[in-house]
């Protein structure tokens, strides 16, 4: 294994694990975790694959690709016909690239796209379990997290549609897992892995660009801590970050160069200005700020259509939309702050995307929709409640570094949605970072005498009750606004 020591690259024997928690509980490495608990490990991997296969190939096998999933699939098929394409990328190309690879390998069928979502969900469950192992230093928490991720219904129910959320969540999880380990262990391979995960994540969802400062702060923290007992620790950090930058640039650079060559600028995709504009104009709803982006253009009021068309049809429409959005923000700061608050809270609204898509496909009525929502939204609320209990009642059992790292990534990822537009569906990628907290609480509940211990801690924690109350209030407001805007 190559490692940086005193600014020099040296070969050292591999270590089973590292742990920033001085308690006697030992961190279990991924390899030994699999060897010592292979039955539950294989169990949740099988559960993840089976649940997604039953839904995407069985129950919803006849469902066509719709909405953004269909658009991504068409982009992928276009890449097979023409690579590089003859114009700039309008959609972020990360998801179409992976779908195109699957189409090329398995055939240009809907099944090939669904294989991608199945694998993304399954691998995400594995990485979430590894993150939980680092967070709690506990096999039970890792396995509980694996099963929660495997059977997390917003992911399972959406597995028939290759939305970018699936891959975005996977890349963000891998960045989180490799990024902190790279900074603390100094292994060059981990820096490279984190760089590739970051680059692919940005290509899939450009909003992932916002998590980079968190890594920079983390590396700076470790450099300052190491300066007391290591000569020139910044050399190792500089080399590691250089490898990270090369790996990320290998993914992002060619796409930005392609867009620049087609007069679109050094950007990943050309729809960013439109998204910012749709979330910041006089006709943007103050709460459901994603309304103009998610509704079909022909379903909007005639006045709104005329307003949007005025900017869409300008020669330099991207610059015109950006200028109009910035003008609105300058002239209406109070309403902008109000919308920003609403975007921050609605980001945590319950999932209902899959339920609406399934309703449209099957034609079930309101009663059927309520049943679907009970599964999809109920699964999300269960995980969030467990995560809040884990955070408020069992934080002392967690690695402090991993705790702060995961929470900082969640907040950083949300920031772009607070600026443009937001809604419950956009929290999907960060759920992989939240599931380990829920897994730790679930593991404690399932332990011998666990329910009594959890209840005792919960009764004594005002913070936990306040957090659960805030979660409930957010859901009530979100449900009301969704019904009003339907």
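Even glycines carry a Cβ here, placed using N, Cα and C.
Unlike curated records, TrEMBL annotations are generated automatically.
Computed from a predicted structure; not experimentally measured.
Among the features that TrEMBL reports, transmembrane segment is placed at 41-63 (among others).
Positions annotated as domain 'Glycosyltransferase RgtA/B/C/D-like' by TrEMBL: 92-245.
Residues or ranges marked as transmembrane segment by TrEMBL: 118-136 (among others). Sequence-distant contacts of the transmembrane segment (118-136) (same chain, six or more residues past either end, CB-CB distance under 8 Å): 27-28, 30, 33, 41, 44-45, 48-49, 52-53, 56, 142-146, 148-150, 155-156, 159, 166-167, 169-170, 173-174, 176-177, 180-181, 397-399, 402-403, 406, 432-433, 435-437, 439-440, 443.
Taken from TrEMBL, the feature transmembrane segment covers 142-160 (among others).
Cβ atoms under 8 Å from those of the transmembrane segment (196-224) belong to residues 92-95, 97, 164, 167-168, 171-172, 174-175, 178-180, 183-184, 233-234, 237, 240-241, 244, 247-252, 255, 268-269, 272, 405, 408-409, 412-413, 415-417, 429 of the same chain, restricted to positions at least 6 beyond its ends. Under the heading transmembrane segment, TrEMBL lists 196-224 (among others).
The transmembrane segment annotation in TrEMBL covers 236-257 (among others).
If you look up TrEMBL, you'll see 377-395 (among others) marked as transmembrane segment. Same-chain neighbours of the transmembrane segment (377-395): 148, 151-154, 348, 350-352, 355, 403, 431, 434-435, 437-442, 444, 454, 457-458, 461, 463-464, 467-468, 471, 475, counting only residues six or more beyond its ends whose CB sits under 8 Å from a CB of the stretch.
Taken from TrEMBL, the feature transmembrane segment applies to 402-420 (among others). Within the chain, the transmembrane segment (402-420) has long-range Cβ neighbours (under 8 A, six or more residues past its boundaries) at 20, 131, 134-135, 172, 175-176, 179-180, 206-211, 213-214, 217-218, 275-276, 278-280, 289, 340, 343-344, 347, 395, 426-427, 429-430, 433-434, 436-437.
Sequence-distant contacts of the transmembrane segment (426-448) (same chain, six or more residues past either end, CB-CB distance under 8 Å): 124, 127-129, 131-132, 135-136, 138, 140-146, 148-149, 152, 154-155, 158, 165, 168-170, 172-173, 176, 205, 208, 290, 347-348, 351, 380, 383-384, 386-391, 393-394, 397-398, 406, 409-410, 413-414, 417, 454. Per TrEMBL, the feature transmembrane segment maps to 426-448 (among others).
Using a Cβ-Cβ cut-off under 8 Å and counting only residues 6 or more beyond its ends in the same chain, the transmembrane segment (460-480) has close neighbours at 287, 345-346, 348-350, 377, 381, 384-385, 388-389, 391-393, 424. What TrEMBL records for 460-480 (among others) is transmembrane segment.
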Tertiary contacts of the transmembrane segment (41-63), as residues 6+ beyond its ends and Cβ separation under 8 Å: 33-34, 111, 114, 117-118, 121-122, 125-126, 129, 143, 146-147, 149-151, 155-157, 159-161, 357-358, 361
Cβ-Cβ under 8 Å with the transmembrane segment (236-257): same-chain residues at least 6 beyond its ends: 4-7, 9, 89, 93, 182-183, 186, 188, 191-196, 198-200, 202-203, 215, 219-220, 222-223, 266-268
